[in-house]
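These notes concern the structure reproduced below.
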């Protein structure tokens with residue numbers, strides 16, 4: 001028997017058995033319930049257990065089912081797979097010669113076999129799949145135009161959206177050879193129907209949560225096969241636009257400009273530029289195609305734990321593999337000044353926005369310029385995310401720059417003065433230990449400040465990734481070293497106050513101080529990069545610093561730093577108690593005043609020296625949008641070094657900073 005006949009018989013058998021209506025209850029799980037009347041979940045079945053699932057059939061004119069989940073004793077819609085389209089019949093109209101049960105067999109069984117997107121067989125509509133067969137079938141295969149009326153007349157409900165995504169996927173996989181302008185126009189009209197801004201909310205109830213990503217991949221695959229007439233092509237629909245150009249190494253920089261409707265209130269623009277130096281990489285003439293989606297960003301889930309959302313159109317760029325970097329300009333949807341921007345690429349394998357693909361080149365209140373790494377198998381679609389950002393202020397920038405400059409200058413002077421007077425101020429064991437800690441605090445902070453400037457220069461992680469990793473590692477290490485040396489100084493102060501009769505040798509002190517000051521930071525820094533970098537979670541997006549949202553690598557700095565601040569705060573409290581105890585309450589006003597002055601001086605000295613001003617960073621974490629908190633934090637820490645060193649390095653001949661009368 002002919003294999004094609006057997007295939008058709010098997011399909012008919014499957015259709016017969018699956019078309020038999022279910023008359024017995026279907027229990028999908030212990031927590032799932034099935035309703036057999038319209039609105040049964042809402043009206044008949046009580047919602048008692050949170051997380052319970054109820055499934056009910058669609059109305060008679062639709063096929064599929066609707067799922068509800070129990071939340072707070074109310075049924076909430078989870079997914080809606082009710083559909084009216086018969087996508088298998090639609091697909092067969094445009095691929096008649098390629099299916100095994102059609103063509104020379106006189107319109108066999110498969111010609112009318114109903115099919116529901118996602119592989120489910122269903123009843124379909126009487127006559128669907130037949131009314132456009134016959135004389136016009138050849139022209140339908142040429143440009144897919146015969147299925148357009150059925151699709152555009154169907155409601156863009158979640159079930160139909162899922163089926164249309166499945167149809168576009170099938171067309172991209174099986175019918176993407178020789179994509180003419182007519183085919184691309186029909187394909188775009190179909191996609192435009194489910195990308196309309198007025199029905200975007202329906203995507204929330206599509207059963208397959210990856211439907212948006214599947215649509216993006218399907219469009220990219222199909223558009224990538226577009227044939228260019230006379231070296232260029234442009235196909236525009238309200239919510240999807242495709243442009244293509246022929247390119248070669250002698251072409252000046254190519255660009256694509258898009259201005260498209262986002263909603264009823266206005267348009268949104270996008271701009272793609274292929275730099276001329278990139279075109280020089282081309283070994284032969286090729287083509288560049290870009291597809292713009294003004295509304296697809298709302299559909300694609302961000303899959304990020306932070307509250308970032310897409311703030312521009314999605315631009316797909318289909319280029320030869322030799323081209324690596326492109327420039328993209330996105331107009332912002334939300335143009336508020338306090339909204340930050342992040343350039344991202346869609347990772348087609350992991351189906352998420354990936355900040356490693358792009359870096360911000362320029363940024364203003366209305367637009368963002370991104371430089372992105374185009375990877376044929378990974379990154380082909382790009383956009384921008386918005387998130388509440390650290391408030392940008394010229395005052396804040398000025399304080400940071402001036403404070404950083406004064407800090408570096410003070411540190412250099414401090415180390416120079418220490419080198420000159422070292423022999424004179426380290427004659428006793430306790431002064432040697434004090435100045436040894438002070439020198440290492442100054443050296444660690446000086447190196448950290450220089451690395452901070454270097455990290456700001458190479459913050460473009462997409463183009464200087466290895467250098468950015470190295471800068472972040474050493475920045476992390478030396479900032480930790482700063483805190484651990486301040487911790488060592490705090491322990492030394494406790495030793496001088498509480499263990500007066502216990503002496504430690506210089507060699508023991510040096511071994512313990514180096515183990516704490518540099519050993520602990522080295523272990524923490526190495527473990528952090530070793531654990532997070534293999535998962536590409538070491539760096540944060542847009543800066544050479546530790547990641548927070550994906551891997552929480554920043555905790556490797558925050559936890560040790562805050563712990564040391566708490567310990568040093570205890571040290572200051574002990575100092576206040578010990579130095580203020582002598583004469584308070586004895587009735588002598590002059591001694592009381594002297595004691596209060598002594599306590600105030602010690603607190604003023606130890607607060608910056610032991611890094612307690614960094615504790616104010618907690619306020620910026622609690623309210624990250626407050627400009628006042630950021631300004632105060634910048635002021636305290638920018639001038640921490642100058643104040644601490646003024647009272648120590650420039651008074652190196654004075655007695656140990658804790659005054660005792």
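Cβ atoms here come from the backbone N, Cα and C positions, even for glycine.
TrEMBL entries are annotated by machine, without manual review.
Keep in mind the model is a prediction, meaning the values are calculated, not measured.
What TrEMBL lists as signal peptide is 1-19. If you look up TrEMBL, you'll see 248-392 marked as domain 'GAIN-B'. The domain 'G-protein coupled receptors family 2 profile 2' annotation in TrEMBL covers 396-652. As annotated by TrEMBL, transmembrane segment applies to 402-425, 437-457, 477-501, 508-531, 554-577, 603-621.
Break the domain 'GAIN-B' (248-392) down by DSSP state and the numbers are 11 helix, 77 strand, 57 coil. By the Cβ criterion (under 8 Å, sequence separation of 6 or more), the transmembrane segment (477-501) is in contact with the transmembrane segment (554-577), since 3+ such pairs are found. In the predicted model, residues of the domain 'G-protein coupled receptors family 2 profile 2' (396-652) average a pLDDT of 78. Sequence-distant contacts of the transmembrane segment (437-457), counting only residues of its own chain at least 6 positions beyond either end whose CB sits under 8 Å from a CB of the stretch, comprise 404, 407-408, 411-412, 414-415, 418, 468, 471-472, 474-475, 478-479, 481-482, 485-486, 488-489, 492, 513, 517, 543-545, 609, 641, 645, 648-649.
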